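K.L.:
What follows is a single structure, and I will ask about it in a moment.
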Amino acid sequence: MNSHSTDKRKKITRIGIGGPVGSGKTAIIEVITPILIKRGIKPLIITNDIVTTEDAKQVKRTLKGILDEEKILGVETGACPHTAVREDPSMNIAAVEEMEERFPDSNLIMIESGGDNLTLTFSPALADFYIYVIDVAEGEKIPRKNGPGLVQADILVINKIDLAPYVGASLDVMESDTKVVRGERPYILTNCKTGQGIEELVDMIMRDFLFTHVQPQGEHA
């Protein structure tokens, strides 16, 4: 678990969502947000890009009518986004504090950022917990490569499982390798297109990050 910050101004649970470019981080946010809202969570979203706010624009388009676009903020880091969430998170901390002040009734902030392959982690000054997203298209061997992000994340998401047959990847092997490198740390397999694993991912967020009672599968309102 990422160490909690001692910043007394922090009011809202902060979750980092990181992973390699193209792994599906933005898609994960887009599919879990409506479910979180349905379950009574009031989320805010911050995305990180080097010289654009394209991810934020994409999320705003996808979540139009679901989440007020003012609750989605893009940060232009001017450098590798992983630096802005790990070595020097001051820009993101400022963005978080701005959002907390503007929307004090919110109870969750998701901070999305890409990183250098498997090395991305989030500063404990920025995120209380973080999720790391990899995808099957990167290859069956990805879990065996370890990397701080993959190994230390509070939840590992293995995304795009529908692509396994097309890239010759065995999900059984990926799961087995994941258990070896992560030990007892949780992981989940997901498919954003079909929704496979998404409700379960939200259950994990609710239970382990927000410390909220989770109803058994099939009983969600």
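Cβ from N, Cα, C; glycine included.
Quantities reported herein were computed from a predicted structural model and do not represent experimental measurements.
Grabbed the feature section from Swiss-Prot, which reads as follows:
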- Gly19, Pro20, Val21, Gly22, Ser23, Gly24, Lys25, Thr26: GTP binding site (BINDING)
K.L.:
For Val21 (GTP binding site), what residues in its own chain, 6 or more apart in sequence, show a Cβ-Cβ distance under 8 Å?
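P.N.:
Listed in sequence order, they are Gly114.
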K.L.:
Looking only at Gly19, Gly22, the binding-site residues on record, which one has the least crowded Cβ, with the fewest other Cβ atoms within 10 Å?
P.N.:
Gly22
K.L.:
Cβ within 8 Å of the GTP site centroid (Gly19, Pro20, Val21, Gly22, Ser23, Gly24, Lys25, Thr26 excluded): which residues?
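P.N.:
Leaving out the recorded residues gives Gly114, Val133, Asp135, Asn159.
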K.L.:
Taking the Cβ of Thr26 (GTP binding site) as reference, which residues of that chain separated by at least 6 in sequence fall under 8 Å from it?
P.N.:
Thr47, Asp55, Gln58, Val59, Glu112
K.L.:
Tell me whether Thr26 (GTP binding site) sits in a helix, a strand or coil according to DSSP.
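P.N.:
DSSP assigns Thr26 (GTP binding site) to helix.
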